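For reference, the structure discussed in these notes is given below.
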């Protein structure tokens, strides 16, 4: 409490404790009111240290006053307390809160009057001085005279042309540097351009065309010119080739004035637009965002080319709403379409911020892998559905289903599992088995049963021969074919190949 109550001390504290809360009341301000005010300021997110000075109290009053009409009684009490504290800091003698509020209102009214009188005094002082803002200025005698364009302005214009090389931003720069200039000043700016003579020749052709159009729309009136009246400017006069500087100043400052400088400036800007279009051959339709290009760089390129487009503002707005989204890369296009057609440039750049960066690439890769995983799982589930019912296994040892012989708990079957006889295993079983042709396999003759037979199979065992050196002459192949045709089963398999 001591730190909060240290706002006032000495004579100020005595003056504080003499002020009454209400007119004619008994209660007066105490230190507890300062402690309460400090806590309330903290609750309203205001710095309690501002109570230590008169300027701080004035700042707090300025913050609280707009909310008095809709505020609570606590806010009104806080405002009254700080108003009394301000009077104590300023050593303004007040007896109660109401008188302190009246003093505050008087001070605020005086400040408003000073604020209103300051612009009027500034305007009066400005009018008393001679205008030096434009090439045509007013001298001390009240006459309008021409002030030559400064070398600094010419140097700035030359640097812009050399650095930008007739990019779209050259036009607004020329318009700013030539504000209020006469045709003679504009010609001086054009003559300082050393290079780009092809562009300068295009500009001259445009000026000549506009001058001829001016002469066609503003024919010369027949008859002599009345005394005291100036002649009407021709197209060549506006271009500064057949008019003097005095005539140009007189036209621009006459009553009614003829703004020959603004007309000539408009012709030059028209020619500069053609030059900019020639130096910027890229169409707005060709501006597309690269796959890894940040959206901010793409927007910069888009609007740089859009400035060079010779179209109305409505058409440019349509290009911005349509082409900017259409020519973005797929990632940004998806985000921009989700925003809708009414999104501003700020919302677009905020939404596409970070697209193409490492974090965005990682997120896209994770989403793609998740989709592939889900698709693979779905395919596996679909394939599993076509396998039909699961086949049950059967044990070859006990003959029961649900397990195999390796896991069978029944005692091992003795003997051969093929023929059932004991004394040998299935791999050593000599039991014969018929093949798909009905022949016994394995064959005792050493040849498989489906092998084409080249000789007659004997139907009886051969007679015993005790002779030595006897040769058995095989019968000719043709005779074998005539005696016994190929097996029916082989013919059915191989056709006429045998």
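Each Cβ is built from the backbone N, Cα and C atoms, and glycine gets one as well.
The compositional bias 'Polar residues' annotation in Swiss-Prot covers 489-498.
Residues or ranges marked as N-myristoyl glycine in Swiss-Prot: 2.
Residues or ranges marked as phosphoserine in Swiss-Prot: 150. Residue 150 (phosphoserine) counts 10 other C-beta atoms within 10 Å of its own C-beta, drawing on all protein chains shown.
Residues or ranges marked as asymmetric dimethylarginine in Swiss-Prot (evidence: similarity to another entry): 390 (among others).
Around residue 412 (asymmetric dimethylarginine), the same-chain residues six or more apart in sequence whose CB sits under 8 Å from its CB are 397, listed in sequence order. The asymmetric dimethylarginine feature in Swiss-Prot is assigned to 412 (among others); the stated evidence is similarity to another entry.
In terms of DSSP secondary structure, the region 'Interaction with Gp41' (7-31) contains 9 helix, 2 strand, 14 coil. According to Swiss-Prot, the feature region 'Interaction with Gp41' maps to 7-31, an assignment based on similarity to another entry.
If you look at the region 'Interaction with host CALM1' (8-43), the same-chain residues 6 or more away from its ends with a CB under 8 A from one of its CBs are 1, 50-51, 60, 74, 78, 81-82, 84-85, 88-89, 91, 94-100. Positions annotated as region 'Interaction with host CALM1' by Swiss-Prot: 8-43.
Among the features that Swiss-Prot reports, region 'Interaction with host AP3D1' is placed at 12-19, with the record citing similarity to another entry.
Under the heading region 'Interaction with membrane phosphatidylinositol 4,5-bisphosphate', Swiss-Prot lists 73-77, citing similarity to another entry as support. Remote same-chain residues near the region 'Interaction with membrane phosphatidylinositol 4,5-bisphosphate' (73-77) are listed as 40, 64, 67 (criterion: CB distance under 8 Å, separation of at least six residues from the stretch ends).
Sequence annotations record features per position, and here Swiss-Prot assigns region 'Disordered' to 110-129 (among others).
According to Swiss-Prot, the feature region 'Interaction with host PPIA/CYPA and NUP153' maps to 191-229. Taken through DSSP, the region 'Interaction with host PPIA/CYPA and NUP153' (191-229) splits into 22 helix, 0 strand, 17 coil.
Annotation comment: Swiss-Prot describes 219-227 as region 'PPIA/CYPA-binding loop'.
Secondary structure of the region 'Dimerization/Multimerization of capsid protein p24' (279-365) per DSSP, as helix, strand and coil residue counts: 57 helix, 0 strand, 30 coil. For 279-365, the entry in Swiss-Prot reads region 'Dimerization/Multimerization of capsid protein p24'.
The feature region 'Disordered' is assigned by Swiss-Prot to 442-498 (among others).
If you look up Swiss-Prot, you'll see 16-22 marked as motif 'Nuclear export signal'.
Note on the motif 'Nuclear localization signal' (26-32): its mean pLDDT in the predicted model is 88. Per Swiss-Prot, motif 'Nuclear localization signal' is recorded for 26-32, and the stated evidence type is similarity to another entry.
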*Residue numbers, six or more beyond the limits of the region 'PPIA/CYPA-binding loop' (219-227), whose CB comes under 8 Å of its CB atoms*: 234
*Under the DSSP assignment, what numbers of helix, strand and coil residues are found in the zinc finger (393-410)?*
3 helix, 2 strand, 13 coil
